Structure formats: C-alpha cells, structure tokens
C-alpha cells in the first residue's frame, strides 16, 4: 500500500509540474525558439550529454562507400521505372542530371558545415546553430521522417527484387494479403520487416564493422551496375530512345516533374555528414566523401537509366522490379534472376547506410533534449547510439509491414527538399552574418528576394500561365544575386580547411532549384506535409520546449555552482599566500 501511495503521489506531482510548465509555454517559447549554440558548445558541452563518445574509426574511402551505398540502392531500383513510364520517358536520365545538380549544390553546403562543425547531427545541428532551436528541430524531425519512411519503402522493394532472384515473376508472391484493411495497406511484407530488424541488430554492434560490410556490398554493387549498363548498351537499341513518341514524350514539364521524384534517389549522401564524429580526419575526409559520392552516383544513375530505356521502350517499362523484367523480355531469365539478387544486395547496402544515419540524427536531437534523453545515450563498449538505433529500427519495421511505396515517396521528397532549402539559406547567413560579423539586414533581404523570385518562377511554370513570369523572375534571381555579391563580398574564414567556392552562387542556385522542385510535387504531398508539420510543432510546444528549457536551467545552475566553487578556491589560495 505504501508503494502504491508513493507512486500515486509521484504521478500527481508530475502532473502538477507538467501543467505548471504548460502555463509557462509563451515565456519559454520566446526564450527557446531562437536560442542558438556556438560550435564549441555543440562540440563539447552538448556532446557530453551522450555519456561516451562515438569512436573515430572511419577513413575517407569508408565515407565514399557509405555515400554511394546509401544512394545507389534507393534510387535507381525504386524510382527509375515509374518515372520513365509516367513522367519523363527515355529522357529520365536528364531528370537524374537535374536532380543530381541540385543534390551536388546541396552537398557543397552540407560539406562546409560538416567540416566546420564535425558533429553527428547533420542538418539539425547546422540549422540549430544558425537559425535557432525551433528551425533545427523542424529540420531534424523532417529528416527523421524522410529516413524512416524511405527506409520502409526501400525495404518493400527488397522483397520484390528478391522474389525475382528466386525465379518468381509476381512481386507480391511473398507478401500476405489481409482482407479488411485499406487497399494500399493490406499487403503485409514480413521479409521487409525481417531485413530491417536484422540490420538494426548489426548496427547496434559496431559502426566500423557495419562500414566494412557496406564497403564489400558497394564494390559488388558497382560491378553489378557495370553488368547492367554493358548489357543494356549491347543488347538494347538506340531506337528505343526515340520511339514511340520521341526522347521526351511528356515534354520538358515531364522531365522536370520526373526530376522532383527521382530526387528520392539522392537521399543518403547526407548520411555521410552524420559520420563526422566517427571520421579520423574530418576536414579532409568529409569533402571527399560527401561530394565524391554524389558525383559518382549521378554518373551511374544516368548510365543505368539510359541502359533501361535502350533495352525496352519507355511505355513497356514496369513500375515494379523495372530492371529485372527487361531481361525476361530479351530471353535472359538467368540475368533477370541475377539482377534481382544484385538489386536486393544494393538495397541492403542503402538501408544499412540510411539506418546508420537516422540513429545519429535522433541521438543528437536527444542530446538537445528535444526528445527523451535516453535516446541520446551512446553505448560505452560499442560506441554506437544503441537506444536510438533500436527505437527507429522498430518504427521502420512497423511502417514497412503495411505501407506501399507510392504513399511514401512524395511526402519524403517534399520534406527532404525543404531541409536542403533551409541548409542552403543557413550557409549564406552563417558565411555573411555570423562569420563576418556584419549586420544581418542585407543578407536576410537577399534570402527573402531570392526565395520569392524562385517561387514566382516556379508558380509561372506550374500553372502554365503568364509565361512572361519565367524570364522576369529568373532574371530577378540573377540580378539580386549579382548585386548581393557586389555589395556584401564574402571572406571565407582563414582558419577554415574547406569552404564552398564562388559564394553566394552555389547556395543561391541550390535554393532556387529546391523551391522549383518542391512546387512540381502534387497537392496531396503538401497536404500530408502540412499534417506532419502540425504534428511535430504540437510535440515541440507540448514537450520539446519545456524539456530544453529545464535542461538549460539545470546546466546554468551547475555552471554557476562550478564558477562559485572556483572563485572560492581562488580566494582561499590568495588568502593563504
């Protein structure tokens, strides 16, 4: 009875304290939403909240392999067939080039941040240090959504390709249909769940061993890509690139719409930036790993897309297991099985990297106390964020069990593009305001005009009216950027080991492309994104802001005690002297 009463009293006290905290919400929002940290605080004070440090065991080639492995399996096997069939036609390779340019520019922005602030938080840390806690949290929550949903989608594609590896022609042969569930949620995928759980256990063990496994799989994967590319060029026909309706049957609009969808394929390079705490030489390894992996992957994507469209006309490309079925049509059943096996291996590699990155994002968000602090704990013996890895692995497995790819993909794209847009803006602000200690007015005005010109251009394109808006807003973007470059020259930090060249142009073009690609997505994507944004904002208001406020109060109190103790010791020493 005593224990029961004690538990009831504790619960009552907790409820009372929480409701008291809610009454302080406006004050705490004002204090915390725009609160920023310095790089030194992020690298030292915040990182110590995880207990043990992550172990620096990775080299630059590990990072390149992680970046390539994270992207290859996700994109080319999951999105190429659908985009070629419904949006771009044989010009799907041009969609990959456009998306690749946007990804490359975003990767440059990521790289400068990663070199200067080598922590595992990626975009979350960069934005929190630049624009404050809420923007960082908003970006971090979207990145976690992107990782979990895309991993769930990709794991379901693994089941489809694996069925072809074993000679089955039905991609749903290993799924269990449950009558009574909604149509796109009724095919239960237990192989996908088993794969997610197996990789989760692997990642809990060690980052270095997981990296070695990824390196081996990525080497085999690139060789396998070479087989498909060579076979496509040898057995395919260039006539398929222009028939039945030309190289761009859906026009320029279809190519650009396709670019927004295949951007899903480049999700993964930012995983490399989350490895910053586990790289031996961050200033040299991070630029090579992040930028190099994007360039190599873009070339391979374009060659693979061309190969596919040469083997079969675009209107005969399958939405599912799109690289296995063409080999059946040319009579190479053994090659179809081989492609199924190779694609499955590539998907495993991409999942391994993505799940590696998602756990580190959640770990750093936990350090900031925006989610429960137990998610930030790093296991002392393995040096891995064990709790975050297990939690996200279970979430991913649950979504993979039910949800079809089509429901997920565009929601993932809009969240990803939004984060990359914010990171490009953050780089401009940090380079011209924070680093150079100049007044923010000119820089903020430039970012606003740049975003508005990109939005105006994109709306003119999307609604097919007022074509005069295209040269007007496109020219405005160029004029505004040129004027800003002249009025506020950039001086990269002398101490910086690496910085984005030709600023502000790479970041400005990245902002423009990200806004453009966002507006090409369907209305349903914006509706789902709005719901998600409301959910994470409510969580921040009800939990995150109160948790971080209390954490800062405790640390400030501890610092004051430490300072008082130090001053007392100094005073005693002086008196003794």
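In case you wondered, yes, glycine gets a Cβ from its N, Cα and C as well.
TrEMBL lists 498-547 with the feature domain 'Cationic amino acid transporter C-terminal'.
What TrEMBL lists as transmembrane segment is 58-81 (among others).
Outside the transmembrane segment (93-113) by six or more residues, the chain places 83, 87, 122-123, 125-126, 248, 255-256, 258-263, 265-266, 269-270, 273, 286-287, 290-291, 294-295, 297-298, 301-303, 305-306, 309, 420, 423-424, 426-427, 430-431, 496, 498-500, 506-507, 509-510, 513-514, 517 with a CB less than 8 A from a CB of the stretch. Annotation source TrEMBL lists transmembrane segment at 93-113 (among others).
Residues or ranges marked as transmembrane segment in TrEMBL: 134-154 (among others).
Same-chain residues lying 6+ beyond the ends of the transmembrane segment (185-205) with a Cβ under 8 Å from its Cβ atoms: 151-152, 155-156, 158-159, 162, 172, 174-179, 213, 348, 351-352, 355-356, 359, 379, 382, 384, 386, 389-390, 393-394, 396-397, 400-404. What TrEMBL lists as transmembrane segment is 185-205 (among others).
Annotation source TrEMBL lists transmembrane segment at 212-230 (among others).
Among residues of the same chain six or more beyond the transmembrane segment (290-314), those with a C-beta under 8 A of the stretch's C-beta atoms are 63-64, 66-68, 70-72, 75-76, 80-81, 84-85, 89-90, 92-93, 95-97, 100, 103-104, 107-108, 110-111, 114, 222, 225, 228-229, 231-233, 235-238, 240-241, 243-244, 249, 262, 265-266, 269, 272-273, 322-323, 325-327, 329-330. Here TrEMBL flags 290-314 (among others) as transmembrane segment.
For the transmembrane segment (334-357), same-chain residues at least 6 beyond its ends with a Cβ under 8 Å from one of its own Cβ atoms are 66-67, 69-74, 77, 122, 147, 150-151, 154-155, 157-158, 161-167, 195-196, 199-200, 202-203, 207, 210, 213-214, 217-218, 220-221, 224, 227-228, 231, 267-268, 270-271, 274-275, 321, 323-325, 327-328, 389, 392-393, 396. What TrEMBL records for 334-357 (among others) is transmembrane segment.
The annotation transmembrane segment is assigned in TrEMBL to 407-429 (among others).
Within the chain carrying the transmembrane segment (441-461), a Cβ under 8 angstroms from the stretch's Cβ atoms is held by residues 253, 256, 425, 428-429, 432-433, 467-470, 472-474, 476-477, 480-481, 484, 487-488, 504, 508, 511-512, 515-516, 518-520, all 6 or more beyond its ends. Annotated transmembrane segment per TrEMBL: 441-461 (among others), in sequence order.
For the transmembrane segment (467-488), same-chain residues at least 6 beyond its ends with a Cβ under 8 Å from one of its own Cβ atoms are 432, 438, 442-443, 446, 449-450, 453-454, 456-457, 459-461, 503-505, 508, 512. As annotated by TrEMBL, transmembrane segment applies to 467-488 (among others).
Among the features that TrEMBL reports, transmembrane segment is placed at 500-523 (among others).
Same-chain neighbours of the transmembrane segment (529-546): 18, 21-22, 24-25, 28-29, 32-33, 133-134, 137-138, 141-142, 145, 369-371, 411, 414-415, 418, counting only residues six or more beyond its ends whose CB sits under 8 Å from a CB of the stretch. Among the features that TrEMBL reports, transmembrane segment is placed at 529-546 (among others).
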Folded-back contacts onto the transmembrane segment (212-230), same chain, C-beta under 8 angstroms, at least six residues removed: 61-62, 65-66, 68-69, 72-73, 202, 300, 303-304, 307, 323, 338-339, 342, 345-346, 348-349, 352-353
For the domain 'Cationic amino acid transporter C-terminal' (498-547), the mean pLDDT of the predicted model: 88
